[in-house]
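The transmembrane segment annotation in TrEMBL covers 7-31, 43-61, 73-93, 99-117, 124-142, 187-205, 225-249, 261-283, 295-315.
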Amino acid sequence: MIDNLDLRYIAILSALTAIACDVIVKLISTVKSDLPSFRYRPFSKPFTISFLISIGTSIISTIQKPNCPLRTAIVFLIPSVLSAMFLLLFNYAVVNGQAFVSFVIRQICMIFIPLILTFKKPRSYQYLVIGIASISLILAFVSHIGSIIYPFLALISMLFKLGQIYAESKLLQKYDIEPSTLLGLEGIWSTIFILFLVFPIVYLIPGSDVSSLSGGALENAYDAVIMIFTTPRIALGTAIIIFTSYLSQQTTLLLSNAKDSLPYVVSDIIGSIGAFIIFSLLASDETLFTSADGPLQIVALILYCCATLLGNRIIKLPWFQYSEWGQLGEGGEIPNEIDDLPVEE
């Protein structure tokens, strides 16, 4: 059935679901509780939001009922924890900082990760890609210079993503496991990790959230549950986060059937431009229409799109030897998924 699907439309759907998830994560954090006893506090709960995204990812395993030995499932706990750490730090940056800046940093880092994991000297035009992406990354940081901690958190989160992808690539050399099973396992382990370890820790760390402890808490998960069940808008937002997280993972699996990188490029560029426009229109403190740093973010976005097109050889410059690429995969493309990473014989 997948062979009959037009991957271009799947790429567009993937971009739309990614936009929806990113936008809802930011918007739901601004929705205030309907309860007077909660002093109409906003749902600024990045760790709870990460928990919801993990639930959405774990649904893949629940629906498809994969056959996976317990030992194999336990082995993949390592990349799952790294995936959870990525979610936690990235969503903390999104909720508390400018969402689009964190989004761009994530997208730019996804250009660097495949180049790092090849462990080979870059080809000539890859240096151009690295240079353009680096300038885009610097501009994204400068545009958020007033609260530089959040871009740094987004960047640190991508180090966990790098570790996750590397761990997956090594484990997949030893264990035969379907991509859908891998995603589902990571969702399940991430959910358990956040529920039983992260939530107690962030409750004990002093912060601005309410708690029975002196000094407050970094986040009170019980408080978040009450807000979800007493405020319809928050409940709707959490449902959308779970659904879009699941749908985004499913479209990613479908895109893995692509024979070239074009569907990924279409998805990334549409998603990036769409996220910029939506954040600019809907958020009061975001980009183009309300921020003096908007032009920097526009340039960062344009440079990111250029680096993506050049890196995936959608645009070819005449003075580079593209025939010498051939480092990754059968088609010599920059890998967008784990399946494309080099495998040791």
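Heads up, the Cβ atoms here are built off N, Cα and C, so glycines get one too.
The transmembrane segment (43-61) shares more Cβ pairs under 8 Å with 225-249 than with any other stretch in the list 7-31, 124-142, 225-249. Of the Cβ pairs linking the transmembrane segment (187-205) with the transmembrane segment (99-117) and spaced 6 or more residues apart, fewer than 3 are under 8 Å, so the two regions do not touch. Comparing 73-93, 99-117, 225-249, 295-315 for CB pairs under 8 angstroms to the transmembrane segment (124-142), the maximum falls on 295-315. Residues of the same chain lying 6 or more positions beyond the ends of the transmembrane segment (7-31) and with a Cβ under 8 Å from any Cβ of it are 42-46, 49, 53, 91, 94-95, 99, 103, 231, 233-234, 237-238, 240-241, 244-245, 247-248, 251-252, 254-255, 257-258, 263-264, 266-268, 270-271, 274-275, 278-279, 282-283.
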